[in-house]
């Protein structure tokens, strides 16, 4: 059976996990949800250095109720790790918080 391809190609950077869109710069998120995410991240920071590697992210996402915490940790690194060093630190933490809040973590319902 032949495979049918769509007529239009998907737009570049159209993946829903991308948060670096111009209209997302000034979004506000539920403060309680962000505080819950921050608390969970602090608890998952094993070496207490304020930086988060993949294993620490995986642990935090598991506590937040992610269905596939390892996969989601990879997505966090892809979206928030600006210098691609494999660790989320400094200003990247704000991007991580925004990403997790945009995905619904910290609330009762997330995806």
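Every residue gets a Cβ built from N, Cα and C, even glycine.
The compositional bias 'Basic and acidic residues' annotation in TrEMBL covers 14-25.
Here the domain 'EF-hand' (32-67) has Cβ contacts under 8 Å with residues 73-74, 76-77, 86-89, 93, 96-97, 100-101, 105-107, 110 of the same chain, all six or more residues outside its ends. The domain 'EF-hand' annotation in TrEMBL covers 32-67 (among others).
According to TrEMBL, the domain 'EF-hand' annotation covers 81-103 (among others). Secondary structure counts, DSSP: the domain 'EF-hand' (81-103) has 11 helix, 1 strand, 11 coil.
The region 'Disordered' annotation in TrEMBL covers 1-25.
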| Using DSSP, how many residues in the domain 'EF-hand' (32-67) fall into helix, strand and coil? | 23 helix, 1 strand, 12 coil
